[in-house]
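Student: Following this message is one structure expressed as structure tokens.
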């Protein structure tokens, strides 16, 4: 087929071939409300998902042409979508009364051929006097609509809960085809209503934009915020202390509180951080077992290989921490991290890095149950640090902290004023969610005393694989040993959540490489997934070699969450038992000292609800955060305001910390040379 973009009409038209362009199109697709997205399959394919539900899958001749088509289609789509809200006349005032779903003739109990989504509402139209202008919808009217929609969403949840509480067998079961269809259509109805509400917001914004004085407030889906500031990236975003407080309290607080949020980088003082006392092990299976019907319903809507990036997963499978904090927990053996630069030769430093790398994944998982950390919202950050006694860090090949048992580890001396002891190293860590679609996180850690730092960016791509979920960690990390002028590049393995219908568990898979261009040493590590029949779990093998001579200097094998065996070229063997390896607790600022976008403060209500076992409340708090993020993303797109990161800068295909140690050291050395 030969496709033509009709910008004026907002249509994507197609013909049999180019010669038939003068004839009537064989078909057309309305672009208003459509979603244009490049495909993950290759660099040529993209899809057009129309508001009507139709989907066209198109293939360009190359990546450049695809980008051109996607850009033009997105511009056309946005223009005609906004025109719906701007050009349509304001809606007449309506009164809604929600029908009770608990009656005997509710949709879940009694089915009628004429029943559809409209039967959930009884709509009364108020006739306006002829000749009078329809009043413009005011902000408080939007709040009323939001309240009504919240009630409808609550009743829709009750409907789904009632269906899922039905017995698994008998005359009417929770897996009845009609009831499953009812669940799906009710969800689609609520999504449609939310889209319509967004059109009202666009309409109101187009009428009010540019005419509001500074400081004027307007209500969107969430509490009132300053419209003048809302359009600015990084302006005040008032986070209520309690999301579930009455709307009037939230609005008063949001207006009265001064602006707290700034996108300027903040220097975190490690002396304000306290040793972390949170120990949220994820070994509770109760919620997963109780919600198995929800999992079954979710699985029934997924397709093999489907990208799960935009799929909202149920709250009960969540860990009590953000993905950004999980990256920090991979640094729970900072003594091994610092020991890398103490290696006396390039060979030893590469081996020490491999040892540190392989020991990081065990502590990064909280318990044996596979649960998912919170998806960070764009702009979210996490800060922490570690203090390590210098006596705990291996200095040469003769001493190695990994061989010590926890009882042999030197404890950190207590300081009543909270200042760092002179005989301690400090490792500082910062992470930031730099992109929402695709979801990309950047993290950076440094030890100034040892002139070493690591910078990484990770794009998490998740896919449905049948009875498991696969997560590909796309990205790269670089370890800088400034004392030696060496850079070690590395990647991360894939992660898999297996047996998601029974006892979910995590395994790692794939091949990763570690390279140091200056020394010519490299490491190849294979994380082996369990074969269908037989085989061990969590098996890992690897080797370190000198590329110039192609000589293997060290081999490693074992399990990444149990015991690792290192065999050196001289015949010596060393065992590292990860279950007995000492863990250094991270230090985190108290919640009251954290900024509103720092992970623990941002997700505190979700975390507290999960600890209390209140899944419904946790879901409400999580939904409020995600909904606000979506609304702010829409507003940025409508006002063409780019997102500005706080700590990380775009560098080619990756992200780099704004003030890395290698720049600081280089600037200091330059100043010293100038002074001499």
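Cβ coordinates come from backbone N, Cα and C, glycine included.
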Student: From the ranges 366-392, 393-419, 420-446, pick the one that TrEMBL records as region 'Disordered'.
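Tutor: Checked against TrEMBL: region 'Disordered' maps to 393-419.
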Student: Write down the single range among 13-46, 47-80, 81-114 that appears in TrEMBL as region 'Disordered'.
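Tutor: Checked against TrEMBL: region 'Disordered' maps to 81-114.
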Student: Can you give me the average pLDDT across the domain 'PH' (1-78), rounded to a whole number?
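Tutor: Taking every residue in the domain 'PH' (1-78) and averaging pLDDT yields 86.
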Student: Kindly report the helix/strand/coil residue split of the domain 'PH' (1-78) according to DSSP, in that order.
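Tutor: Counting residues by DSSP class gives 19 helix, 28 strand, 31 coil.
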Student: Take the region 'Disordered' (615-635) and count its residues per DSSP category (helix H/G/I, strand E/B, coil), listing them in that order.
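Tutor: Its residues fall into 21 helix, 0 strand, 0 coil.
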